[in-house]
Amino acid sequence: MGVPQGDVEKGKKIFVQRCAQCHTVEAGGKHKTGPNLHGLFGRKTGQAPGFSYTDANKSKGITWDENTLFIYLENPKKYIPGTKMVFAGLKKPEERADLIAYLKESTK
């Protein structure tokens, strides 16, 4: 199917409103309730150094990319049962695409 083209600025607003309470994106950023997301693309689930993940996250074994994030962000607990991420998800495809566009820019 492919991920729709997202808007980085809209994605940044979504991140600030819905994600920044638990996640940071900058290199060397601290882990909060959730892991720092720097270097997310191309990394396997449950692999951010120094963050305590659930076994479910560590054993999922997928690599984060646009497609896996697009599915995950719709309903995290359905995609990784047992994750400690409490976020219910983004149901609108365009919001997920915007957030992914922002994450691609901000986590490199």
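Any Cβ shown, glycine's included, is placed from N, Cα and C.
Residues or ranges marked as heme c binding site by Swiss-Prot: Cys19, Cys22, His23, Met85.
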Completion exercise
Least crowded of the binding-site residues Cys19, Cys22, Met85, counting other Cβ atoms within 10 Å of each Cβ, is Cys22
Problem - 8 Å Cβ shell about Cys19, Cys22, His23, Met85 centroid, heme c site members excluded - result: Ala20, Gln21, Lys32, Thr33, Gly34, Leu37, Phe87
Problem - Set of same-chain residues at least 6 away whose C-beta sits under 8 angstroms from His23 (heme c binding site) - result: Phe15, Lys32, Gly34, Pro35, Asn36, Leu37
Exercise for the section: In three-state terms from DSSP, label Met85 (heme c binding site) for me. Expected result: coil
Practice task
Would you give the longest CA-CA distance, in whole angstrom, between residues of Cys19, Cys22, His23, Met85, the set recorded as binding heme c?
Solution key: 11
